[in-house]
Amino acid sequence: MPTVDIDTDELRELTGYEDKSDEQLKDDLFELGLEYEGETDEGELRFEFEPDRLDRLSVEGVARSLRYHYGDSRGVHVPSTNGAEWTIEVEDVPEERPYVTGAIVRGLDFSETAFDSLIQLQEKLHATMGRKRAKGAIGVHDLTMLKGEAAVEGSRKTIRYTGVDPDEARFVPLESDAEMTPAEVIEDHHIGKEYGHLVADMDRVPAIYDSIGLFSFPPVVNGRRTEVTTGSRDLFIEMTGTDQWTIDHMLNIVCYALAARGGTIEDVRVEYETAPDEYPPELIRPDFSTTEKTVAHDDIETTLGIDLGEDEVLDLLERSGLAGEPTNDGEAAYDVTIPPYRVDVRHPVDVIDDVGRAYGFNDLEPRYPDIGTIGGRHERSRLERAVRETLVGLGFQDLLNFHMTDDEQVSGRMNLGDADGVLGANEPVRIENPYSEDYTIARSWLLPSVMQVLENNTHRSYPQDLAEVGWVAHRDDEQNTRVAESRHVAAALARHEVSFEDGKARLQALVESFDAELETPPTEHPSFIPGRAAEIVVDGDAVGVIGEVHPGVLVEHDLELPVVAFEFDVEALR
Amino acid sequence: MKLPETQVAVLEAASANEPRTVESLSEDLDRKPESITRAAFELADEGLLDVSESIDESVSLTEEGRTYLEDGLPEVRLYEAAIDAGGDDDPVQMGQVIGASGLEGGAVDIALSNFARKGYGGIDSGEITANPDAGGDDPEATALESIAGGDADLVTEDTLDQLERRGLIERSERTVRSVQLTDEGVTALMEGVEVAEEVDRLTSEMLTSGEWRDVEFSEYNVAADAPEIEGGRHHPLRSMAERVKDVLVGMGFSEMQGPHADAEFWINDCLFMPQDHPARTHWDQFGLDVPPMQDLPEDVRERVEAAHREGVGEDGEGYHSPWGEDMARQIDLRGHTTSLSARYLSGIAEGDLEPPQRFFSIEKAYRNDEIDSTHLLEFFQIEGWVMADDLSVRDLMGTFTEFYEQFGITDLRFKPTYNPYTEPSFELFGEHPVTGEVVEIGNSGIFRPEMLEPLDVDCDVMAWGLALERLMMLVTGAEDIRDVHGTLVDLDYLRTEEVRY
């Protein structure tokens, strides 16, 4: 879950509540869904929250939410913007990263904390909406260091988003003293090493030029020339990415934060040489247009389970930072305006959720729904339970083992070798990204797990009669899921004196309890002593194996007494 | 006549002329009083003995009583010290007298209160006077001596009551049984009685031959320790699952089942999880090295894709994230059993469902999480949902309140939260049944239209989920889930863990 680090003095200043204690602020923030996690090394308070309200990734956004919560702000506020002086020309960009957006913010007077907050917001947006910069990356520049000389006298100032051969262009990246090519940055620069993989497969990498030269290599690193410091008063913000909506909304969140710091937003013109499908060739950014959702009054009442007056709904909407107006088409519904920094409102249900939060969900009275249904268990779950009950009645300890294991447990230690066509020897289902080498496949049979439990309990008293009814799987491309799943039952008798007969007696008792007929014709299975293994045939179908476990397998599991075991498919008892 | 050995001994020791107590027989015959009593009643049943009962009251000194017998009653000691100090003439300082009396601690209070009660003198303003005429034998002191000497009957009832109130004596009643031979008993003895054989084990031969009537069974030490036996038992986590299933079935829920290995389509896409969601792209789930799923229901696939791209409804908005069928068809071990809910809701599992419905499952889910005391790679997810027209948040709260109360978890709190597939969504918090602290106990919500409409469900569905292991740890106090689940389990735990139901 995302976190936000908050300097509470900043929060007090931005909300205007100078007297609120840290404890009070923590409680207020908890009500908004920000949970206190602890103090950072810098003495800021860290809060964790759900990844829907990404407009709260910095103290400015949190302060805005609190002001709505306190009732000091109501409805939707959109900062005004000045007309565009600058243009981003987009030509010849790498097709993998076609989109760009931008804005100018003027008149800032950064304190250390305000500056840190901007840096934090940038990082947090990269980590979340930006999907670690793959989907959207932010570049913030000191505007005074940019030279956007117009190509033609009298036209606007421009910068250019384009693509370059990674070995051709040169610039001095952040945290470096020397000129480097993008290829060298990827190779040698520590930020390049971290993000270079995002552009590694591109023939031409993203690059942003002004009339002096290359100043940004998105999404990897900015140039040092335009580096922002606390002394920077005017900023140029550009964002590139794989989705225009995403970078536009990341930009909105940043612009709202800087406006809260007293910055004046100025539009930037984006001119696409070849416009992406859904966009006109020329965009004016930031896009502070609001969106509208029509929300039916009935839907609010049904979802919350209470009656609400129209005024109440409008009030709750405003307290959520939204604005509502009754629709005038005869239906009891509202046109709800969503501010441009909200990235989580996809559907009217999201508006209803906001109304519920503003109302206070915990003020709703629980009621048990008056709905009649008839419950019942799945047949397979009843069968498994019946088999377990029978095994426990026969004196077996019921086990519950992991479904994930490794080849050595399932095959090598059970002496299966390259045996074919015996229980357990089916092609296992492999896990692409195992947690560790102990969990590389799904188990193809149960007995190896039972043997492991015996192995881990040699210090406990005998007899140890153990059984498991559980899931097994193997690779089967005929299946829609490519995996054949079934439930087996396995049981083992580990005793100082035990023989085949003891196992068969219990197997027989189990099988016959389910009104099925058992036959045990001799068979060979490498996990069992030759001549003391039999196929389990239930009602004429071969479904498993029983035998005295092979001494080699026993010794492998550090066992110093004989074990008789059986395993078969539970379906045979249906 | 053949009788068991003890009965023969009792019969022979009893007299026809005077009653004999069980105690005296027990002493004479060197057998436990219980055995004598049992034999006596058995003989009485045969008509050979009469058993008579009387009530015997006995009086004995308590430890405090014995102390006073030895040291003297505290008030007497105080009186004597007061006399010695000249308190019969003039008031003397109480501290001085107490010091001289050698009384300490609680005995001082006892002495002072009884001193006054018995008229030994007066106490005023920290000074003590002694009544010179009050000397002589204290009846309570005398009584203690009599009781100690076995002559409790010499003591008056009033004094006994007083001593009992002071906790110096204990009075108890017991039944004294005495036996006396009947005429039949005398006759039997005259004719001769023999000792019947004593046997260790009851055999089937004894039962069929009727020999059991003539034998006496040797007495066992029934209080002795027995050897430990290990019967078969259910696994504690499985028992917990069974209990939860009972509760849910009782609340009208039907059980779902379905594949553990499933396409991401059913695991994630149907749940409106964007394909670039961090949980889908950063190895939180276990991918399987198998070819992609062969068949997806085409109509559902189209609607799911449209929901991701464009949202649903007139004002709907999609995710602004890429969506591709390749990813949807990739097979994983399911990261949650909500994949089963998606399958059931879509109709692919059991055909189209008409509201109302309640479904649940308690099945394994797989997460590529860090293993620690509360996390394993595999866990049992309790998943449940209710489908009906017009469900509200209040219905959700009522249902879950009811469910958790079955496990002693009360005072449910609903913390609004975010899930991609539910809105509104709530984390559930409740009071720990043992420690009383507020703990997270599940996640819940009302399924979003972006999930339900592609599955062709046109009513409301509310759902919740939690890990069975978490519920078990709350209910049983288990501290490390690694001790419970898996091949490292200690058989001793499985054999001795308290059975819960």
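Any Cβ shown, glycine's included, is placed from N, Cα and C.
These figures come from a predicted structure and were not determined experimentally.
According to TrEMBL, the protein has these features:
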- A:Asp344, A:Asp350, A:Asp353, A:Asp354: Mg(2+) binding site (BINDING)
- A:288-366: domain 'B5' (DOMAIN)
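Under a cutoff of 8 A between CB atoms, and with a sequence separation of 6+ in the same chain, the neighbours of A:Asp344 (Mg(2+) binding site) are A:Asp52, A:Arg53, A:Leu54, A:Asp350. Cβ environment of A:Asp353 (Mg(2+) binding site): no same-chain residue six or more positions apart lies under 8 Å away. Ranked by Cβ neighbours within 10 A across all protein chains shown, the binding-site residues A:Asp350, A:Asp354 are led by A:Asp354. For the domain 'B5' (A:288-366), the number of residues in each DSSP class (helix H, G, I; strand E, B; coil) is 33 helix, 16 strand, 30 coil. Mean per-residue pLDDT, taken over the domain 'B5' (A:288-366), amounts to 94.
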